[in-house]
Amino acid sequence: MDAINIYGIAIGGILLLLVVARLRPALCDLARVLSILVSKYLVYPYMLNRHRWFGPWTWAGIIKCLVYGALNCVVVLYNVHTYEEASAQAGRLALVNMAVLFMAPHPSVLADILGISLEAYQWIHRAAGWMTCALVTIHVLTIQQDVDPKQGEILFAIIGAVSLAMIIISTIPVLQKRIYEIFLRTHQALAVLFVYAIWRHLPSGSIFPRLYLYVPLSILCLIAVYQVGQFLYQNSFLSSRPKPRATITCRPVQPPIDGNKEGSGKELEKDVGRIIKIHVTLGRPLGIGAVTSWSPEKQTTLEFFVQVRRGFTATLHQRASASGSASFCAFVMGPFGISHSLSQYETVVAVASNAGIAGVVPYLKQLLYSYNTLTAQIRRLHLVWEVDTLDMVVEAQPLLNELLKDDSLANGYIFEVSMYTEAAHDDGESFGEHNRAFLYHGKPDYNKIISTEVADDYIERIPSTPDQTGEILILTSVSNRLRDHLKSVVRGYLGKKVTMQEVDYQPSEIIAQ
C-alpha cells in the first residue's frame, strides 16, 4: 500500500468519525428505542415459564443459545470431508469451549473480572457445559476406527465421557436445591476427574492439544494465588492487626433472619449492593445474604442478614439463642458482585420479599445520602416489602428506622415504606411520624403501584418549567415467583421510562422435605 492510499484512508476515516459524531444524538435515541423493543419482546416475556424441572426460558435466551449452537456447528463442519476430520474438529472445539469452565476457583471471581453479573456468568457456564457435552458426543459418535477399551488413552476417554455425563445428570434443578452442598462437591470432584481423564486421553507427543488445558489451568492457578494473597491480607495474617470476629445476635422470638456484625482488622472499600462471603471457623463457608451496611467512607464493621435454614445457619442460631448472642472467629472474602449506579434515576421503587430487604437496603442508604448531598437526581424513593411474618419486620426495624432518619426534612421527605403481610390485622396502619411507613394486609398490587409512580403524583414540579418526568427504576431483591410477576408488569411500562434492575442478592425459596 503506497502513501497516497494511506493518506486517502486516513482522510476518509476522519470524515466518517465527524459524521458519526454529528449523528451521535440520533444514534443514541435509536439505540434506546431498539433496547426498549428488545427488552419488551425478547428479554422480559417467557417462552417457557418457570417449572420444577426446568425454566424459565426467555426468547432472548433461546436466541442466544441457537446462535451459539449454530456458530459451533459451522466451525465443526468447516472444510471437513470425512468423519475422522469431523471427530477431530469436534474434539478440539470441545476443548476450547470447556476452557471457560476452569478459569477460576469460584464463578463470582471470574464474573467480577469480566465485569458481568453472577447470573450472566452462570448462564455462560451452563451454555459452555452443555456445548462441551454435545461436542464430546459428536466426537465419540463420528469415530470410524475400532477402539480397544484396554488401551490407556481409550480407557481415560471413557472415564472422561462417563464423568461428563454424571455432571450433566447432577445439574437437574430439583437435585441442586434439595442437596446443594452434596451436589456442589460432587460437581467439583467430577470436574477434576474429567479434566484429568481428558489430559491423559490427549496425545503427549505434541504440546498443542494439551495447550487447550494448560492455558485455562494456568489462569486458574494465577487467580487462586491472587485470592489466597487477598484472603491473607484481608484477615490480617500478614500484619499484627486483630483478626475479624463474627457476632451473631438474635431475639427470643425465633426470627426468620439473624442480624450479624463483622469486625475486621482491615478497612474494606465496599461498593453498594455487593456480596461479602464470611467464613466462620466452626463450620463451612456461610453462603450468605447481602451486606446491609453502607457508608461513603471505608468500613471496619459490616452488617448483614442471614436467613436461617436447617443446616449451618440453624447451628449459628442455636448457639446464639441461649444468651442472645455469640461470637466466633471469622474469615472475610470479597466483596463480590456488581455495584449498580442509580444516580440517573428520579424515582426508585425498591421491591423486596422477606430476607430480600438485605439486598436493597445499601442502595436505599446510598440514594438518601446522594439526595441529602445533592449528588443525584433522586426525588422519590419507595420501598415495597412483602413479608410472611411480623417477626421479620420487628427484626428489620432498626434498619428501617435508620433509613427514615436519613431522610432529611431539610430537603423535603422523599422516602416511603409500604409493608405487606397476611399477618397484619389493620390495612394501611401508619407507623412513626409524618406518615412515611405503612403496614398493609395482603399482597401489593404492583400494577397499581407502578402506574401511580409513572403518573408522577408524588413529585412537585414548578408550573413554569416544562413537564418532563425523569427515569423510573424498579429495584428488586425478591423470590423467583415474584420476580416473574414483576417482569410481566414492568413489561407494559418499558416505553414510559421504566426499567427493572435485579440486585446480585436474590432470596432463595426453601424446598420442603
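Every residue, even glycine, has its Cβ placed from backbone N, Cα and C.
According to TrEMBL, the feature transmembrane segment maps to 6-23, 30-47, 59-81, 93-117, 123-142, 154-176, 182-199, 211-233. According to TrEMBL, the feature domain 'Ferric oxidoreductase' maps to 90-197.
Against the transmembrane segment (30-47), stretch 59-81 shows more Cβ pairs under 8 Å than any other of 6-23, 59-81, 182-199, 211-233.
Long-range contacts of the transmembrane segment (182-199) within the same chain, counting only residues at least 6 positions beyond its ends with a Cβ under 8 Å from a Cβ of the stretch, are 95, 98, 101-102, 156-157, 159-160, 163-164, 166-167, 170-171, 175-176, 210, 213, 217. Among the recorded stretches 6-23, 93-117, 211-233, the one sharing the largest number of Cβ pairs closer than 8 Å with the transmembrane segment (123-142) is 93-117.
With DSSP states grouped into helix (H, G, I), strand (E, B) and coil, the domain 'Ferric oxidoreductase' (90-197) comes out at 88 helix, 0 strand, 20 coil.
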